[in-house]
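Let me begin by presenting the structure, written as structure tokens, before commenting on it.
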Amino acid sequence: MIVTIDGVAASGKSSVASGVARALHVPYLSSGLLYRAATWAALQHGLPLDTPEAEGPLLDLLHAQTQAGTPLDLRPLPEGNQVWQAGRDISEALHTAEVDAHVSAAAVLPGLREWVNAQLRALTPPFLAEGRDMGSTVFPHADHKFYLHASARVRAERRVKERAQDVDSVEAALKLRDERDVRQSAPAPDAIHIDTGSGTLPEIIAQVLAHLPAPSAT
Ligand SMILES: Nc1ncnc2c1ncn2[C@@H]1O[C@H](COP(=O)(O)OP(=O)(O)OP(=O)(O)O)[C@@H](O)[C@H]1O
Ligand SMILES: Nc1ccn([C@H]2C[C@H](O)[C@@H](COP(=O)(O)O)O2)c(=O)n1
């Protein structure tokens, strides 16, 4: 079984995916973390990301890391996905304002999208996949598809509880990222839409689970 959970930035995708995956006893995959990891790697190496010409050097870097035995390694742990590289957990570095500001530029590069999608499609179901285009493009034949949304204000208020930032600037940054990600963020036509602003996290997880078959007793 494949379940996809897509949605706008900070709509609760990874929190909901984690809760649902735990209830179903299956892994979940955070595709956004792979885009963030590639962005982080580019920033570390001083590679620009804001032109179509950025794609070649970025893909060269990712392939060189793989050849050297130090690839960006997504680990789909039930309590939260991690990315490791060269024996180091780099996950915390992927949720900074700097990565947030550049990740949309990286995510429009077609070669990077292929790099991410190939890694996800190589995995054997059952799993949940969360991101923007999991249900529309990467796994169009998924068994169950969800699309999460909430107002930019609600999302910003939640985000400032995780990061010491001003709510107005976080809201503006979220709106900007929504605009820049719009091309790959169109919901799959058969996705069930859920407003995560209208319930607590356990309530939203229960809403999703109500649409899914009960987990097999093992
Ligand atoms: N229904 C909810 N009620 C209250 N808080 C929530 C709810 N859903 C998510 N949150 C909180 O909102 C914040 C953002 O959630 P999360 O990181 O899961 O979103 P995301 O869509 O994966 O974000 P990003 O797009 O940045 O990867 C977290 O602090 C999370 O705990
Ligand atoms: N399937 C995906 C997942 C993510 N992205 C891009 C767009 C986001 O701005 C960025 C970070 O994702 P997030 O952590 O907010 O889920 O990655 C995408 O284009 N497609």
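Glycine is treated like the rest: Cβ placed from N, Cα and C.
Remember, TrEMBL labels are computer predictions, not curated facts.
The annotation ATP binding site is assigned in TrEMBL to G7, V8, A9, A10, S11, G12, K13, S14, S15. Around K13 (ATP binding site), taking its Cβ as the centre, 26 other Cβ atoms fall within 10 Å, counting all chains.
TrEMBL lists 3-211 with the feature domain 'Cytidylate kinase'. For the domain 'Cytidylate kinase' (3-211), the mean pLDDT of the prediction comes to 95.
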Residues that sit under 8 angstroms from S11 (ATP binding site) by C-beta distance, when 6+ apart in the chain:
L148, H149, A150, R155, T196
Counting every protein chain present, what is the number of Cβ atoms, excluding its own, within 10 Å of the Cβ of S15 (ATP binding site)?
18
